[in-house]
Amino acid sequence: MRAVNNLLVLYTGGTIGMLETPQGLAPGGGFEARMRDYLAAHRESPGIRWTLRELSPLLDSANMQQANWLAMCDAIVEAVKKDGHDGILVLHGTDTLAYSAAALSFLLLGLDVPVVLTGSMLPAGAADSDAWSNLCGALSLFESGVENGVHLYFAGQLLHGARASKLRSEAFDAFTALPRYREGQRAEQVPAVLTYCQPRVAVNLAVLPVFPGLQAAHVRALIDSGVKGLVLECYGSGTGPSDDQALLQVLSDARQRGVLMVAISQCTQGSVKFDTYAAGSRLRDAGLVSAGGMTREAALGKLFALLGAGLDVATAQHWFALDLCGERAQ
Ligand code: ASP
């Protein structure tokens, strides 16, 4: 850990910089001037050297897509490799903050700088907003030193970028890293094809919860839409309607057709352990790969990083099963 001396603040939008419009809160530009004014008026604030770059278009993060993850990634790599920044603070909307933090955790593997994402529940201009405490808290972290890798900082908590989820839609402490069970083998070395140097392309990915009433036809329609990777949110320790032969058949056909299907648990604590129940092991036999205790955000971001890099399914499955940055192992 070392103190950061030349920070880039990458402003992507989100409530933190939003302004009132007749349609409701919408992303507003000019955040750099607002931030400089605030810090100048609050002399006790961290004095770290920073510059701000606004990504265009500024987004309500509800509109975040894979292309926006890649644009963030490019801006971060350019800032580090071309402009000499040694730390990055990403200002981002909270709705998909945990998804972006997870995706960037995988997309930026091998980039040896600390990247911290934050945002706020109330706009910086609102009375009693959490914007300035989150922002100044993050600046202080950079000033005192943060480990390399991707983190999410919110309401005084520094969370692992690939383990955080948004759990509350109104409270200031909206994010948590739940005590999901973690085990698994750490990849000894991350190959070049999985580092920040590897270009990625968009991939058709989907997330589907299992629920009483899920039919083979539902899953078939999804697979037929051209999905290349599927995160199936199973019950408990990785079970689903395994008495439904038609459903199992759709899953194994999809696997044969080269769809990478991974299983996470709908429970906020625990993990997928297929062998606990016959209803789980049948899903594994149909071709599902366990994501252990990974979050939905991490499973989706990791599928994107692997399949978006152009890996074939067998290779992607190999790397999915290993821990790449602390997302599934201690
Ligand atoms: N809808 C907003 C966003 O995600 C919510 C927020 O930032 O808190 O951009």
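The backbone N, Cα and C atoms fix where each Cβ goes, and this holds for glycine too.
Keep in mind it's a predicted model, so treat the numbers as computed, not measured.
In TrEMBL this protein carries:
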DOMAIN    7-178  domain 'L-asparaginase N-terminal'
ACT_SITE  Thr15  active site, O-isoaspartyl threonine intermediate
ACT_SITE  Thr15  active site
BINDING   Ser61, Thr94, Asp95  substrate binding site
ACT_SITE  Thr94  active site
DOMAIN    206-320  domain 'Asparaginase/glutaminase C-terminal'
Taking Ser61, Thr94, Asp95 as the record's substrate-binding set, what's the max Cα pairwise distance in Å, rounded to a whole number?
7
For the recorded substrate site formed by Ser61, Thr94, Asp95, name the remaining residues of the chain with Cβ within 8 Å of the site's Cβ center, in chain order.
Gly14, Thr15, Asp60, Ala62, Met64, His92, Gly93, Thr96, Leu97, Gly119, Lys166
Where DSSP helix means H, G or I and strand means E or B, what are the helix, strand and coil counts for the domain 'Asparaginase/glutaminase C-terminal' (206-320)?
52 helix, 21 strand, 42 coil
Three-state secondary structure, which DSSP defines for Asp95 (substrate binding site):
coil
